[in-house]
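Data first, discussion second: the structure below is written as structure tokens.
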Amino acid sequence: WIMGHMVNAVKQIPTFLNDGANAIEADITFKGAVPTYSYHGTPCDFGRVCIRWEYFDVFLQTLRDYTTPGNSKYYEKFILFVLDLKTGSLNNNEVRKAGENVAKGLLKNYWNNGNNGGRAYVVLSLPDIAHYEFIRTFKEVLKAEGHENLLDKVGYDLSGPYLPSLPSLDSVHEAFKKAGVDGHVWLSDGLTNWAPLGDMARLKEIVKRRDSENGFISKVYYWFVDKYSTTRTALDVGVDGIMTNFPYVIIDVLNESGYKDKYRLATYDDNPWETFKK
């Protein structure tokens, strides 16, 4: 999975897809518990415009257009999107309400209330393992609305907080248990593109846990990868996905002699909740 990073304005969507992405990531900002904009703000990655945005509902409707067969904007290879949910400032009650609002927003504006909506898979990424109630409420709303089947298309990523230090993987696992999640787990690690590349120790730990006999992680992705050398290193570690500002870089590496026989671009038929066994 090649995930175009910080795709927050609708006009950016075809640009990233044409550059080689088969997935995108957008930043969802809230007013209270209400998801309002796809917007990142400053600071952001080097070389990017930080302030592009769209209204949340319009953004989801546009994603639906690009992922609904028969629509004039349909891209067959666009198979997944990540919603980076900026819930960091919300209290517990707001987190639960935010889960309800995001569920209703996706149901109405992306899934078209279950009537020929978008077909892409969705990963809900939350910045704090304490926000597991978001996931519980999200799931409850879809069940109550009679669309529990749509949960087959939804995965989850609990990734922080980053300060004072990242939670242990055991703590992350416990948060998923509290959320009622068993499977459909994506986990990530990474650095902004202006930071020096570290030793990827946590990434290696996540991959090892994914591949363990009792691993709770379905897929692992790394961000933000803009260099050819970093792409090769991440692939050598064994990631399933890469988030990038330059999808064509990842495509180029996938076509290199050392990688084209080991990796390929994911398609819609590849299950994003199934751990690949070598």
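The backbone N, Cα and C atoms fix where each Cβ goes, and this holds for glycine too.
Look at Swiss-Prot and you will find H5 tagged as active site. Here Swiss-Prot flags E25, D27, D84 as Mg(2+) binding site. The active site, nucleophile feature in Swiss-Prot is assigned to H40; the stated evidence is similarity to another entry. Per Swiss-Prot, disulfide bond is recorded for C44-C50, and the stated evidence type is similarity to another entry.
The structure, with features from Swiss-Prot marked on it.
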residue: H5; record: active site; DSSP class: coil
residue: E25; record: Mg(2+) binding site; DSSP class: strand
residue: C50; record: disulfide bond; DSSP class: coil
residue: D84; record: Mg(2+) binding site; DSSP class: strand
Rounded to the nearest angstrom, how far is the Cα of C50 (disulfide bond) from the Cα of D84 (Mg(2+) binding site)? 15
All-chain count of other Cβ atoms within 10 Å of C50 (disulfide bond): 15
Between the Cα atoms of D27 (Mg(2+) binding site) and H5 (active site), find the distance and write it as a whole number of Å. 9
Measuring CB to CB from E25 (Mg(2+) binding site), give everything in the same chain under 8 Å that is also at least six residues away in sequence. M3, G4, H5, M6, V7, F81, V82, L83, D84, S125, M243
